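Student: One structure, as structure tokens, below. Some questions next.
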Amino acid sequence: MIPVAEFKQFTEQQPAFKVLKPWWDVLAEYITYAMLMIGVFGCTLQVTQDKIICLPNHTSADVVSQITCQEYDQQSPPSNDSDLETTIPPPTATSSPPREMSGLRNNLDLQQYSFINQMCYETALHWYAKYFPYLVVIHTLIFIICGNFWFKFPGTSSKIEHFISILGKCFDSPWTTRALSEVSGESSQEKPSQERSIDRELSKPNFEEGSPATADLPIAEKLVAETSSASVLDKKEGEQAKALFEKVKKFRHHVEEGDLLYSMYMRQTVLKVCKFVLITIYNAVLVGKIHFIVPCSVHTEDMTGYNSFCCNHTKAHLFSKLAITYLCFLGVYGLTCLYTLYWLFRRPLKEYSFRSVREETGIGDIPDVKNDFAFVLHLVDQYDSLYSKRFAVFLSEVSESRLRQLNLNHEWPADKLRQKLQHTPEGRLELHLFKLPGLPDTVFEVAEMESLKLEMVNEALIPPLVSKLVRLEELSLINCTAKVQHASLAYLRDHLRILQVKFDDIKEIPLWIFSLRALEELHLFGWLSQDLSKNPALESLRELKSLKVLTIKSNLSKIPATVADVAGHLQKFSIHNDGTKLLTLNALKRLALVKELELVRCELERIPHAVFSLTNLQVLDLKENTLHTIEEIISLQHCRKLSVLRLWHNQIAYIPEHIRKLKGLEELSLNRNKILVIPSQLFLCNKLRHLDLSNNEIRELPPEIGVLQLLQYLGLSGNFLEDLPNELFFCQKLKTLKLGQNRLGNLSPKVGSLVCLVKLELKGNRMDTLPPELGNCVSLKRSGLTVEPSLFETLPVEVRDKLKED
């Protein structure tokens with residue numbers, strides 16, 4: 001016997017593959033099992049029983065066509081004697097009296113019969129009658145291989161296994177049920193008519209365990225059972241759902257690129273149809289070649305004495321019936337293949353629309369898919385459309401964002417966020433969130449927060465809950481794309497005062513920020529296009545009715561004309577141009593009310609003429625430009641309110657004498673230039689409180705320095721001073737005196753008259769001793785005295801102790 005288990009390897013496959021087997025494939029599979037059983041049964045009979053039985057024909061014949069075996073059909077079956085064959089003549093019209101019958105003697109032994117049987121089986125029996133069961137087995141195995149080839153082929157099986165694995169996890173995920181129930185609940189509030197249809201589908205009645213209805217509806221029951229626990233999703237389940245979203249994205253990107261699965265399925269179906277047609281034709285033609293009586297002619301006279309035989313094919317009757325049965329099964333199998341082809345070509349299987357799922361669930365952003373991804377979903381629908389519905393949840397960005405939000409809320413509770421609160425230099429209580437996948441809802445429970453900084457937070461969505469942050473004044477968006485809902489924008493529009501936006505791409509600038517009418521400070525940091533027409537972010541500032549401070553750190557070639565939209569209330573305007581030459585500054589003339597102007601790293605070679613028309617200007621900062629001369633400084637006398645002038649980090653070689661015209665100057669910063677001489681006219685600016693001339697090439701300090709009776713800060717470090725005039729110590733209000741990195745050999749004892757001195761820097765000079773009069777500087781402490789330790793030890797003990805006192 002041939003054990004059927006030997007054929008198990010040809011039909012064995014993973015049970016999970018059943019979701020990709022529509023009804024016609026299942027029917028075809030069972031038909032192949034039936035055909036395989038027919039073939040195996042025939043092969044078993046062929047191997048275990050006699051194939052053919054032959055008897056000699058006493059009439060000699062040279063060829064097979066001359067052998068007449070028709071009398072065997074008319075005679076009764078043979079007797080039990082194997083060597084004798086008794087023939088009974090047919091009855092005649094006139095009955096003759098009974099007579100004794102005698103058989104024919106063939107004078108052949110058993111070996112001769114076996115030899116003749118084998119010779120006639122090989123030469124006289126038609127090949128179809130001999131190999132019919134083997135052909136059935138072979139053809140059936142080919143059908144089985146064709147039907148399951150795409151489950152085994154490496155290029156397709158990997159995708160199928162991956163898809164089935166993801167599909168099962170998506171179906172069983174608690175997040176699937178929760179997302180469907182939440183969205184359906186929201187949809188029911190907006191669309192009562194949809195509520196009834198969704199409830200009828202999802203809210204099936206609970207059947208008792210073991211009831212027949214439970215067995216009939218396993219998937220619906222499972223959905224209902226999960227709905228009861230859908231409201232609770234722990235952290236582990238949330239992480240698993242998050243991983244599923246990533247897997248679905250990668251799988252979709254990988255599978256939608258080609259149509260290998262569709263092509264393989266179609267080719268194997270076409271191959272099955274072609275094979276079906278071929279097998280049907282030749283079987284229908286040759287089934288008549290199976291005969292019960294077979295004439296045989298072999299040249300065996302020398303061995304047996306006979307050359308013609310009449311043979312009986314013992315299994316002919318059974319094989320003919322099996323062949324007809326096989327053809328019937330084959331016909332049904334062929335019909336399933338033809339229907340498969342009809343299904344393949346009738347419908348657009350390379351496109352799959354979730355329109356019905358979107359309408360039913362209310363999740364409106366589920367995308368349609370194509371190519372192989374669409375094809376496998378069509379197959380899944382033939383098994384159970386509920387799989388596609390639950391799988392669609394993991395294609396929705398809305399669903400993913402809700403899950404991300406839920407995971408964020410688990411990871412960042414309000415107490416944990418409060419631990420991250422810090423004070424900014426301005427004294428505000430700030431919460432800094434860095435590299436989060438979103439904005440946790442728990443942020444809006446920290447009501448004491450005054451400043452919120454979001455750095456590299458992906459897709460931050462500011463919900464209406466922001467209205468709970470009643471103390472929120474400042475918002476910082478650093479490489480972060482932030483979106484706001486309408487209610488959120490209405491609140492921010494009236495409450496947000498300070499906004500900072502740092503971006504690498506201009507698309508990261510949210511356009512809603514230009515509608516914040518209560519905004520007082522706007523700081524933009526990032527690269528903008530040189531063509532301002534391509535900068536939609538700066539198209540209009542007209543809505544910023546309260547803007548007082550505007551800072552742009554970018555690479556502008558000219559000042560945006562839209563700055564004029566806020567000219568009526570702008571008080572401070574700053575441009576940090578990062579080394580890009582600022583060519584056009586005509587727009588500055590419109591900023592008549594500006595009090596502070598900063599043009600940093602703009603590659604300016606002279607003081608811009610547009611500045612001189614700013615009559616309300618109080619602070620001018622031209623840091624890190626390429627100024628070589630400042631002869632135009634005389635025109636600054638038109639800026640009558642100018643009190644702070646910062647020309648630091650430039651290449652200025654001298655100070656023009658007409659600087660004396662700037663009578664209102666209170667701060668002058670000329671540090672890090674190339675100044676050699678300080679003109680005495682500078683000290684006619686007798687309102688100076690802050691004078692910084694550090695890191696220049698100054699060798700002498702004019703005695704007129706004593707005129708500056710209001711001076712509180714004097715920076716002369718990093719020069720070539722060898723001596724200090726005694727008049728310097730007439731500046732009784734000096735609080736900070738920086739003399740480090742010079743060539744001073746001593747410090748005048750008159751330094752003791754500087755009773756307000758808080759900070760004194762002397763490190764890097766050529767002094768041997770310090771005057772004991774430092775003890776008279778009652779405001780000076782050791783922490784404010786910057787000097788070498790060895791030089792400090794030259795002071796008397798009592799002076800040192802006094803300086804060390806708190």
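Using N, Cα and C of the backbone, Cβ positions are placed for all residues, glycine too.
The feature compositional bias 'Polar residues' is assigned by Swiss-Prot to 72-81. According to Swiss-Prot, the compositional bias 'Basic and acidic residues' annotation covers 188-207. Taken from Swiss-Prot, the feature N-linked glycosylation site covers Asn57, Asn80, Asn312. Residues or ranges marked as region 'Disordered' by Swiss-Prot: 72-103, 182-213. The repeat 'LRR 5' annotation in Swiss-Prot covers 641-662. The feature repeat 'LRR 8' is assigned by Swiss-Prot to 710-731. What Swiss-Prot lists as topological domain 'Cytoplasmic' is 1-22, 152-275, 345-806.
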Student: Give the distance between the Cα atoms of Asn57 (N-linked glycosylation site) and Asn312 (N-linked glycosylation site), rounded to the nearest whole Å.
Tutor: 13
Student: Limited to the topological domain 'Cytoplasmic' (152-275), I'd like the whole-number average of pLDDT.
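Tutor: Result for the topological domain 'Cytoplasmic' (152-275): average pLDDT 64.
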Student: For Asn57 (N-linked glycosylation site), list the number of other Cβ atoms lying within 10 Å of its Cβ atom.
Tutor: 21
Student: Using all protein chains in view, find how many other C-beta atoms are within 10 Å of the C-beta of Asn312 (N-linked glycosylation site).
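Tutor: There are 19 such Cβ atoms around Asn312 (N-linked glycosylation site).
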Student: Sort the residues of the repeat 'LRR 8' (710-731) into helix, strand and coil with DSSP and give the three counts.
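Tutor: DSSP composition of the repeat 'LRR 8' (710-731): 5 helix, 3 strand, 14 coil.
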